[in-house]
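Asker: Just passing along the structure, written as structure tokens.
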Amino acid sequence: MMKGKLEPSERLKFIEKVLNHSASGKNLKEALASFEEDLVKLSDELQQEAQSIPNMTHPDVPIGGEDSSAVRKKVGSPREFSFSVKDHLQLGKELDLFDFDAAAEVSGSKFYYLKNEAVLLEMALVNWTLSQVMQKGFTPLITPEIVRSSIVEKCGFQPRGDNTQAYSIEGSDQCLIGTAEIPVGGVHMDSILAETVLPLKYAAFSHCFRTEAGAAGLATRGLYRVHQFSKVEMFVLCRPDESDTYHEELITIEEDLFSSLGLHYKTLDMASEDLGAPAYRKFDVEAWMPGLGRYGEWQISSASNCTDYQSRRLGIRYRPAELAASKFVHTLNATACAVPRMMICLLENNQQEDGSVIIPEPLRPFMGGMEVILPKHHTG
């Protein structure tokens with residue numbers, strides 16, 4: 001505290017000092033604001049760089065391209081036909097199950113209408129699949145089909161860009177989902193789970209939307225590569241030491257589903273270059289397609305262990321009972337039923353010489369007891 005009156009010269013010095021201090025404080029504030037802007041920009045750049053780094057790979061993953069993938073098992077053998085085999089497009093036409101032409105006019109290429117028994121077959125596949133996986137402890141979900149682009153990124157997918165599979169909604173930060181894995185991954189975002197609730201197992205039904213960028217020249221006719229389809233997706237959140245075990249459980253569930261429907265398929269341990277960014281290890285199931293006379297180029301199903309790749313980005317942790325510090329969960333996903341490809345398999349593998357298609361027994365109760373799809377008309 002100052003006592004007495006200052007001399008005029010001293011008073012001027014004091015005022016100048018106060019003013020200088022005030023100016024430097026203002027300069028500091030401005031500099032700090034500038035640094036904070038730089039920090040946000042650099043954090044965004046760091047995040048973008050970090051997101052371009054893929055997950056680690058399991059020691060047993062085959063190294064190399066798709067041709068290096070290892071066959072884990074083969075189930076069944078190709079059915080031998082005593083008559084000329086039709087592909088799903090011809091069967092669909094004669095059985096009046098699809099309309100690609102009207103869909104092309106209404107929506108564009110790679111869209112379709114399902115008709116007649118194909119509608120019942122989709123509903124049966126979805127309901128039968130859900131009933132089966134619910135018996136394995138999975139909680140059924142129907143998810144939002146529009147999500148924020150940031151969730152797509154955090155799950156390890158590219159929401160925008162030339163090769164994106166995602167449809168973006170103009171004038172918003174939202175996308176249509178390409179798989180229910182994305183909205184299910186977001187359910188527990190930014191949360192710390194009690195260890196006692198793990199594992200969390202979900203079976204999510206959704207429609208999926210994909211641009212199919214870069215798909216030209218592949219097996220794309222008919223239902224092979226479409227922009228919209230229905231799917232049941234399994235998703236597991238578990239402790240890190242349990243993810244390999246749940247990966248085996250998921251592929252076993254898939255194999256049991258396909259075996260129940262009488263399909264001939266092989267399971268592959270996918271090579272390192274064919275994993276995609278989030279997957280630590282991925283098993284694919286490829287089914288025999290009589291219309292192609294070979295296994296389909298595209299899997300009917302896959303099961304991926306993403307370890308903590310997604311949970312770190314989504315902020316999903318759990319608190320171990322014996323420790324105070326929280327840890328990241330591991331996430332896994334697997335296709336229980338991608339409807340169009342399952343429909344191709346069932347129609348082509350179960351076709352009869354008279355043009356009819358036998359419905360697999362497990363699906364019959366879900367189709368009102370229907371046993372066979374009969375031709376609507378006979379071509380001469």
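Cβ coordinates come from backbone N, Cα and C, glycine included.
TrEMBL does not curate its annotations; it predicts them automatically.
Okay, so TrEMBL annotates it like this:
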{"type": "COILED", "residues": "25-52", "note": "coiled coil"}
{"type": "DOMAIN", "residues": "87-360", "note": "domain 'Aminoacyl-transfer RNA synthetases class-II family profile'"}
{"type": "BINDING", "residues": "Thr179, Arg210, Glu233, Asn333", "note": "L-serine binding site"}
{"type": "BINDING", "residues": "Arg210, Thr211, Glu212, Val226, His227, Gln228, Phe229, Glu297, Trp298, Gln299, Ile300, Ser301, Ser302", "note": "ATP binding site"}
{"type": "SITE", "residues": "Thr335", "note": "site 'Important for serine binding'"}
Asker: Counting Cβ atoms within 10 Å of each candidate's own Cβ, which of the binding-site residues Glu212, Glu233 comes out highest?
Answerer: Glu233
Asker: Quick one: Cα separation, Trp298 (ATP binding site) versus Thr335 (site 'Important for serine binding'), in Å?
Answerer: 13
Asker: For the recorded L-serine site formed by Thr179, Arg210, Glu233, Asn333, which further same-chain residues have Cβ atoms within 8 Å of the site's Cβ center?
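Answerer: Apart from Thr179, Arg210, Glu233, Asn333, the close residues are Ile177, Gly178, Ala180, Glu181, Ile182, Cys208, Lys231, Thr335.
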Asker: Can you tell me the CA-to-CA distance separating Ile300 (ATP binding site) and Arg210 (L-serine binding site), as a whole number of Å?
Answerer: 16
Asker: Show me the subset of Arg210, Phe229, Glu233, Ser302 whose Cα is within 10 Å of Thr335 (site 'Important for serine binding'); these are the binding-site residues I mean.
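Answerer: Candidates kept after distance check: Glu233, Ser302.
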Asker: Only counting partners 6 or more residues apart, tell me which same-chain residues put their Cβ under 8 Å from the Cβ of His227 (ATP binding site).
Answerer: Ser107, Gly108, Lys110, Phe111, Phe209, Arg210, Thr211, Glu212
Asker: Are there any residues in the same chain, six or more apart in sequence, whose C-beta is under 8 angstroms from the C-beta of Phe229 (ATP binding site), and if so which?
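Answerer: Those within reach of Phe229 (ATP binding site), by Cβ under 8 Å and sequence separation of 6 or more, are His207, Cys208, Leu223, Ala338, Val339, Pro340.
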Asker: Around Ser302 (ATP binding site), which residues of its chain at least 6 apart sit with Cβ under 8 Å of its Cβ?
Answerer: Met270, Lys282, Phe283, Asp284, Val285, Ala334, Thr335
Asker: Which one of the binding-site residues (Thr179, Asn333) has its C-beta surrounded by the most other C-beta atoms within 10 angstroms?
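Answerer: By the 10 Å Cβ neighbour count, Asn333 comes out on top.
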